[in-house]
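First the structure, then my questions, so here it is.
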Amino acid sequence: MAKTVVSPDTIALPRTSESEQLKKIRHTTSHVMAMAVQKLFPKAQVTIGPWTETGFYYDFDVAEPFTEADLKAIKKEMVKIINKKLPVIREEISREEAKQRIESIQEPYKLEILDSIHEPITVYHLGDQWWDLCAGPHLESTADINPKAIALESVAGAYWRGDANKAQLQRIYGTAWETPEQLAEYQRRKEEALKRDHRKLGKELGLFIFADPVGPGLPLWTPKGTIIRTILEDFLKQEQIKRGYLPVVTPHIARVDLFKQSGHWQKYQEDMFPMMAESPEEAAQEMGFVLKPMNCPFHIQIYKSELRSYRDLPLRLAEFGTVYRYEQSGELGGLTRVRGFTVDDSHLFVTPDQLDEEFLSVVDLILTVFKSLQLKNFKARLSFRDPESDKYIGSDEAWEKAQGAIRRAVQELEMDYFEAPGEAAFYGPKLDFIFQDALEREWQLGTVQVDYNLPERFDLEYIAADGSRQRPVMIHRAPFGSLERLIGILIEEYAGDFPLWLAPIQVRLLAVSDEFLPFAQSIVQQMQSLGLRAEVDTSGDRLGKMIRNAEKQKIPVMAVIGAKEVEANALNIRTRASGELGEIPVTEVLEKLQATVTNHDTW
């Protein structure tokens, strides 16, 4: 499998979670920032200030929101503190001593934090000038922070404890690195990420919208965006047909009882939309309907609708099913975090003996999908059980068999993988695909889950060869994960430049004058009859402007038509991938376009 290649002119950036030194730098820098804020704004009250994967933040209770000018002043004060080379001192104190100190400086948020933490109670001091409750880790001195490798980035509102009913605070985000070069590379990537932001490109390319009357987290797909969705769905459906999957369709709502039996109501109720009941009595007895958060209980009902034999298995049911999660409004973000999304869901019902082969087939399908989407830099996370824990259901033998099937699949396919003991769900191990994009950000795409729980909860059975009734094993799988999230990631990965087979408009014909429009229209008709998505620019603009407009819309292929092309029955081709290709006969263009689309190639 392909590995991530970092070009010589870029700098590899360490991750906070993988670098103890970077964790200390960011944690200590957050304390330096809090000290600077309280020096400049004496009435500011501090709350929490952790490190993050890209930096750090601190939440403050202040009378007025911070401004850009405030951030500059805070940064300047931070540099002064760093240059004082203050020692960072860890102190362990009693809960009563901590309470007395906090009360003496009148910091109510710290008192609330104190009530929620376990002993030992630790305090970190910056010299003898500032302190905060903290578990660490930290640097030994502010001198260990490079003032040229830190930056304050933005301010946002945040509720205390994430509760909208509590005080609204001001959160300052910052970043800190080991060297100025790392900071510069991070800022370069961040700027590039803004250019690739799927929310920005989605609007510019006319792919999807959000509308206030509809509500947050509920995207509306335009014709162009719908084309991309449809192509992705059709592609996966064809791959599934080759592998013996059977299509099903299930409703968007169901009785609460279904999700009580599956366990979703007990475990995920806070993430589900409120129940719909026809009467107060139904509401009181929880007898109403809910929007489905998952598709699996529906597929189980289809399995249970008739007696199954071992000869019927494996049974592979597949659906592009829309599910609903009541995400908090502050957690929503473009297409990657929404309230209604479509999952390429499939549930395989297999005998224990079929688990290896079926799991391998599912992984092979996901690799086929990734190859077609040109997603090369990924690794597999094997989420296994912790052998010391007793939270898991199922026998040791069943778990070893399932984990062995996952391990053998990734090894046979020569995948880059790592094992994560203790990360399995209580009902079975799973395989997650972690994709690294062009900016070296990680996303989870595609998952395969072995499940012993739901067959037990729903009492699923099949008649074995010896006539006995046996329990099948379920495999949940979703190569895309969710269509919305996948498309958001693809927009950013491609920077809006979709490959020819996925592009909403594949070819735009540009006639240098209106007299050549009939010829252009005839070519479009030929292309459309072959299933190609083509259109004519009828704006009447000059050729240069038509080319610029097509480039802005990231049309993969432009075909210029003038007198010479009409006479030769040819097209002057320009592609985004290869530039100007010159005059090519129409028949050759059509053949090349068809072959490129069929092979998911570039031209």
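Backbone N, Cα and C define each Cβ position, glycine as well.
Source: prediction; values computed, not measured.
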Quick one: which of H198, H252, H476 does Swiss-Prot put in the Zn(2+) site with C296, H347?
H476
Could you find out if DSSP has C296 (Zn(2+) binding site) as helix, strand or coil?
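Helix, per DSSP.
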If you count the C-beta atoms lying within 10 Å of each candidate's C-beta, which of the binding-site residues H347, H476 ends up with the smallest number?
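Among the binding-site residues H347, H476, the sparsest Cβ neighbourhood within 10 Å belongs to H476.
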Including all protein chains shown, what's the count of other C-beta atoms within 10 A of the C-beta of C296 (Zn(2+) binding site)?
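Taking every protein chain into account, the count is 21.
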Inside 8 A of the center formed by the CB atoms of C296, H347, H476, which other residues of the chain have their CB, for the recorded Zn(2+) site?
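Here the nearby residues are M294, N295, H299, I300, D345, S346, Q449, D451, L454, M474, I475, R477.
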Mean pLDDT across the region 'Catalytic' (197-499), rounded to an integer, is what?
91
